Amino acid sequence: MTAPSQVLKIRRPDDWHLHLRDGDMLKTVVPYTSEIYGRAIVMPNLAPPVTTVEAAVAYRQRILDAVPAGHDFTPLMTCYLTDSLDPNELERGFNEGVFTAAKLYPANATTNSSHGVTSVDAIMPVLERMEKIGMPLLVHGEVTHADIDIFDREARFIESVMEPLRQRLTALKVVFEHITTKDAADYVRDGNERLAATITPQHLMFNRNHMLVGGVRPHLYCLPILKRNIHQQALRELVASGFNRVFLGTDSAPHARHRKESSCGCAGCFNAPTALGSYATVFEEMNALQYFEAFCSVNGPQFYGLPVNDTFIELVREEQQVAESIALTDDTLVPFLAGETVRWSVKQ
């Protein structure tokens, strides 16, 4: 038996699902991503959401202005789908290289999604246009009906929304984002080449027991919510199999500490500083490090039809302690795995 490798050299990764927020928060969090990743799909759920080419161009510039000198980072912008969105605006943004993809949030599914889509039928002209021009649809795959249990919302979405949509628009490219269930893992694996998925580090590392047993851990609270162990294991097995239509999407979602540690706390894990090492740990635990680079750096570009990055980064296998918090202007930000000792980290 050989000793585990102490250095992992991989092609520079991309993050295919990222929240950067805006204003002072954006300026704080951007460097944690731009330091490591070549590109990131940036979520459009600002207040107000990014629904026009003009808004996306302006937001992209604010992101670029926050990238430190020496970082080579390209934000890939997305359009927030609404019931009233003009298909021509979406197509113009795609053709001009402003929009890389469009995001479907069911109304009120997650942070700043009150403008989201009330039904797929309401945006069918937009989706038909996307199918025609080859624009990927990114989906937060949960139903939001009040009578459906929060732990069942992803599985119900597959049968009631996702499958009918893909049957109707057979050429539409779809990314099932941040999948959290065995149902979704099986669905994506059994799908065709036009269906892919992203998985977060927290859904690979933890299940709902970690969040709820022995005290509520608000910094593990995200949406879709952590599920039971059987679902966590299915996700781990999917990435460890080398399946090539699943790729890195951190869903890093920063909230100030007082908005997380609250009587009605916000959903989201700020994992940008620790995500890549977390993924490496999971792949190592699953004896699947041979598939780690593809998950981080190859599968995503392949699905999107983009070139892979031509630079490389290294991760080192040495214990490091994660910072307890990161300073904001008037609060602090608690990173994923705050205060814990991690096994893998990006070589500085």
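For all residues, glycine too, the Cβ spot is worked out from N, Cα and C.
Going by what Swiss-Prot states, the Zn(2+) 2 site holds LYS103, HIS178, and the candidate of HIS71, HIS140, HIS145 recorded there is HIS140. Together with HIS17, HIS19, LYS103, the Zn(2+) 1 site in Swiss-Prot holds one more listed residue from ASP186, ASP190, ASP251, ASP310, which is ASP251. Together with HIS19, LEU20, ARG21, HIS140, LEU223, HIS255, ALA267, the substrate site in Swiss-Prot holds one more listed residue from ASN45, ASN108, ASN192, ASN299, which is ASN45.
Here the C-alpha separation of HIS140 (substrate binding site) and HIS19 (Zn(2+) 1 binding site) works out to 13 Å. Its Cβ placed at the centre, LEU223 (substrate binding site) has 20 other Cβ atoms within 10 Å. Within 10 Å of the Cα of HIS19 (Zn(2+) 1 binding site), not one of the binding-site residues from the list HIS178, LEU223, ALA267 places its own Cα. In the three-state DSSP classification, LYS103 (Zn(2+) 1 binding site) falls within a strand.
Close to the recorded Zn(2+) 1 site, the chain also has LEU18, ILE41, MET43, ASN45, LEU138, GLU177, HIS178, GLY249, ALA253: residues not among HIS17, HIS19, LYS103, ASP251 whose Cβ is within 8 Å of the site's Cβ mean position.
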